[in-house]
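Peer 1: Just dropping this structure here.
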Amino acid sequence: MPPTPCSLCQTARALVKRPKTGQQVCKSCFFEVFETEVHNTIIEGNGLFKRGEKVAIGASGGKDSTVLAHVLSTLNQRYDYGLDLYLLSIDEGITGYRDDSLETVKQNQVEYGLPLKILSYDDLYGWTMDKIVSQVGRKNNCTFCGVFRRQALDRGAAQLGVDHIVTGHNADDIAETVLMNIMRGDIARLGRCTAVTTEGEDTIKRSKPFKYAYEKEIVMYAYFKKLTYFSTECIYSPDAYRGHARVFLKDLESIRPSAIIDIIHSGESFVLQEGVQRGMKAMQTCKRCGYISSNDLCKACALLQGLEAGLDRSALRQTQDSTTLAPDGQRTIPKYDRHATAFELSTPPKIELHATEGIERAVKAIAL
Ligand SMILES: Nc1ncnc2c1ncn2[C@@H]1O[C@H](COP(=O)(O)OP(=O)(O)OP(=O)(O)O)[C@@H](O)[C@H]1O
C-alpha cells in the first residue's frame, strides 16, 4: 500500500494522526499547525500580550510548561512579540519529585537561554509539602499545594518585576475544570474558569496560551522535538475529585475527540446572572501577610493557621461537617430535621468559617 500523504502539504508522508482533528499529517506540518494554533490563541481578540511585556513562564519541568517555554520562545522570535521571557519555578518541597523536576528546569534554562527564578514553600511559608503531608495526610494535600503555589507564583512574579504569568494549563485541564465546577454546582467558578486571561485590580495577570491545545498533542510535540522534560506524576495522591473528571473526559475523548473543545465552548457560553455576580466578595488585604484576599485572612494564611494549630488526622475527621458551605457560599443542602413538622426541611444556618476551627473546614471553604 502506498504511504499516506500529509493531508496539509500533500507531499511528505503522513506520520502523525492529530488527536484533535484526526487529520493525518507529516511531522513538519504537525509542528507548524500546533505552533500556529497557539499563536492564534495569543493574538485572538485584543491579544494576550503587549509589546515589551515582561512575562514569567510557570515552569514545573513537566511536559506542558516545558513545551510552553519552547513554543513561546519560538513564537516570540518568529512573530516578534517583543516579550521579555523568564522561567519561574516553585519548589513545593516534595522529595523525589520536585527536586528532580527542578533539575530539568535548570536544563531548560540553559537550552532556551531564559533567566530562572526558584522560590520554595519552605522559605515562603516555613512548610514543605513533605512536612504538610506528614501532618495532614494525603487526603487534602492538593488543596494546600494549589493555594500555596498560586500565591508563590504571584510573589515570585513580583520579585522578578514581571507583569504577566503564563502557565501550561491545556485544553484537557480546562475541560476537566468545567466538568468539576458543574459537578460541584460552583456557578461563580464555572463562569470564569474558561477565561484565557484572568486579571484582578491588584493581582498579576495570568494567561493560558495552551487553552485549546490537547494534552496528547503537547506530548506528541515534546516527543518529536525531543524536548527535555520530567514525566513522573506527583508522589502524593492526586486530587481525587479531579481524577473522576479526568477519567470521564478521557472516556468521552476516546469516543469523540471534539468532546474536549466542545466542553470548553459550553463553559465559555455560561454567563453569570447578576445576582451571582453581586454575591461575590470585595477584595481587601490579608491581615496576616498583606496578600490580596476576599477575607480577613488569605487562603494560604487560613491554611497555615490550621497547620499551626497542629490538628492531627483524628481531629480532622471530627471537624468534617456536611453543613459546611459549598464553594463561594452559593448554596447549602437542606437537611431533614426530625424535630421539624412532617416533610419540612430545615436549611442549616450559614456558618462563618475560621481556619482555627480545623484544617478540614478551612480546606472545604476554599476548595478549588
Ligand atoms: N512547581 C511549579 N512551579 C512553577 N509553575 C508550576 C508549578 N507547578 C505547576 N506549574 C504551572 O501550572 C501549570 C499546570 O500545572 P499542573 O500541576 O496541572 O501540572 P501539569 O499539567 O503536569 O503541567 P506540567 O506538565 O507543566 O507539569 C504548569 O504547566 C505550570 O505552568
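Using the three backbone atoms N, Cα and C, a Cβ is placed for every residue, glycine included.
Just so you know, TrEMBL annotations are computer predictions that nobody has curated.
Since we're looking at a predicted model, the values are computed, not measured.
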Peer 1: For the ATP site that TrEMBL assigns to Gly58, Ala59, Ser60, Asp64, Gly168, Asp173, which of Ile42, Ile43, Ile90 is also named?
Peer 2: Ile90
Peer 1: Using the structure shown, find which entry in Ala59, Ile90 (the binding-site residues) has the sparsest Cβ neighbourhood within 10 Å.
Peer 2: Ile90
Peer 1: Assuming the binding residues for ATP are exactly those in the record, Gly58, Ala59, Ser60, Asp64, Ile90, Gly168, Asp173, what is the maximum CA-CA distance in angstrom, rounded?
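Peer 2: So the maximum pairwise Cα distance among the ATP binders is 20 Å.
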Peer 1: For the domain 'Cytoplasmic tRNA 2-thiolation protein 1 C-terminal' (284-310), jot down how many residues DSSP puts in helix, in strand and in coil.
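Peer 2: Result for the domain 'Cytoplasmic tRNA 2-thiolation protein 1 C-terminal' (284-310), in helix, strand, coil order: 10 helix, 4 strand, 13 coil.
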Peer 1: Can you tell me how many other Cβ atoms are located within 10 Å of the Cβ belonging to Gly168 (ATP binding site)?
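Peer 2: So the Cβ neighbour count for Gly168 (ATP binding site) comes to 24.
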Peer 1: Validating a neighbour-count step here. Other CB atoms within 10 A of the CB of Asp173 (ATP binding site): how many?
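Peer 2: 20, counting other Cβ atoms within 10 Å of Asp173 (ATP binding site).
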